[in-house]
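Annotated features in TrEMBL:
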SIGNAL    1-22  signal peptide
DOMAIN    83-504  domain 'Peptidase A1'
ACT_SITE  D101  active site
DISULFID  C114-C120  disulfide bond
DISULFID  C279-C283  disulfide bond
ACT_SITE  D288  active site
DOMAIN    313-353  domain 'Saposin B-type'
DOMAIN    377-418  domain 'Saposin B-type'
Amino acid sequence: MRQGYLWAAFCLWALTFPLLQASSDGLVRIGLKKWRLDYNRIRAARMARRAKSIGGVVKSMYQGFGDSDGEPVLLRNYMDAQYYGEIGIGTPPQNFTVVFDTGSANLWVPSTKCHFSIACLFHSKYNSRLSTTYIDLGKEGEIHYGSGSISGVFSQDNVQVGSMAIKNQVFIEATREASLVFVLGKFDGILGLGFEEIVVGNATPVWYNLLRQGLVQEDIFSFWLNRDPQATDGGEIVFGGVDKRHFKGQHTYASITQKGYWQFEMGEFLIGYQSTGFCEAGCAAIVDSGTSLIAGPTAIVTEINHAIGAEGIVSQECKEVVSQYGNMIWDLLISRVQPDAVCSQIGLCNFNGSQIESPRIKTVVEEEDARGTKVGNEVWCTACEMTVIWVQNQLKQRKTKEIIFSYVTELCQSLPSPMGESVVDCGRVPYMPDVTFTIADKHFTLTPKEYVLKTGEGITTVCLSGFIALDVPPPRGPLWILGDIFMGVYHTVFDYGNLQVGFAEAMQ
């Protein structure tokens, strides 16, 4: 029963999407409207965690339609996980609901030329024949996602984003949407706000055209997400500046370390103000309006979920590795063998002399009958690597062998389900520990009420951990993804001109 609730509740993945409004201060604002949580709709929309993936970063693809109320154009917030709105394409404008996503860079919407994809039947479609400013670019394009792909033709037309009219914007008319996720999704398309380094087909991203055509005063945009479930307004995105009413104090800025996603260096991660040891030397992180939860490496997310009492599916492979190879792992670590070499030395991972060849902590659980295959071997390697990380962290705290392996076995029990999600006892939320991220030497803390998503009412209530497992392999990973749960607590500025992101306590 719990597993059924878990799968149903997990459709809380999301992306963020907007429409704009000009104002006297020169800023272009997007209002957000809040929808109350509807557990029946959650149950009806089972969604895969790996719903959208470009370059190894998972995105969510289950979105909601928004209704335009004129100027200002409002965005809606669905289930504290989805923020969405409308844009117009063509002359006269044809309206579409899109996701405003800082983790991708292309704009695409369904096309009337899409005849053989069920998803296209349920969404608004762009008709080039109805636009007097349409230009056929004669080039095909395709974008691959974790749960499917879209393909179509590149076209050019004018795009209306709130009060801003972008001329000659290149986008993809999707003629094929190969995924059930696109069928269930309440969005039409996606408008990426990432860097041009991750764009597909050399198209100029919408954000770049907003800058080049002088449609915004400053080369920054900012997000305020209202997490009050009773509030009418869901939040606001401001293009060309920030709204001082939506944050307290000053922003703390972190420099962009790699263009593509809005990626920066994150410091130590704390559970209950105790060091986990995982990011002592720094971790790569991105802030992503297109992800509703917080994603991190399986090993550390398992420790977080264990600490807060979240439960997932038991990984038998993990427990077997501890039972059969625990002593060997212990002896090798005590003898100061490099942690990355331990699993290769006991024969559970391949090793080329400098690094493990298998993807680092690639997944949490695989089918048990896959043992003996390549996938099965990767599962054993994965379980070994996680065990090494856990034992190594506990050794730093000078704990005894018995205590360490008892703790590691408990972590195996707390491994997330195959989709990475875990549930918690709603009654325990007030007693759970805070979690803290270190960014630019400053602590950014989330309380249990802020990192637990509660849906439903009465006996249908489900509390979902806001932490999910996601292992991005090197060289881009390991990688943390700070999604809407984090951005809801901390007002976020995307400063393109100075290549930095800023965080300040959000007003609620």
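Heads up, the Cβ atoms here are built off N, Cα and C, so glycines get one too.
Sequence-distant contacts of C279 (disulfide bond), defined by Cβ-Cβ distance under 8 angstroms and a gap of at least six in the same chain, are M266, G267, E268, F269, T438. In terms of Cα distance, the recorded positions that sit within 10 Å of D288 (active site) are D101, chosen from D101, C114, C120. When Cα-Cα distances from C283 (disulfide bond) are compared across the recorded positions D101, C114, C120, the shortest belongs to D101.
Within the domain 'Saposin B-type' (313-353), the DSSP-based counts of helix, strand and coil residues read 26 helix, 1 strand, 14 coil. Per-site Cβ counts within 10 Å over the active-site residues D101, D288 peak at D288.
With a cut-off of 8 Å between CB atoms and residues at least 6 apart in sequence, the same chain places C120, K125, G152, E173, A174, T175, R176, E177 near C114 (disulfide bond), listed in sequence order. Other Cβ atoms within 10 Å of the Cβ of C283 (disulfide bond), summed over all protein chains shown, number 22.
Across the domain 'Saposin B-type' (377-418), DSSP classifies residues as 33 helix, 0 strand, 9 coil.
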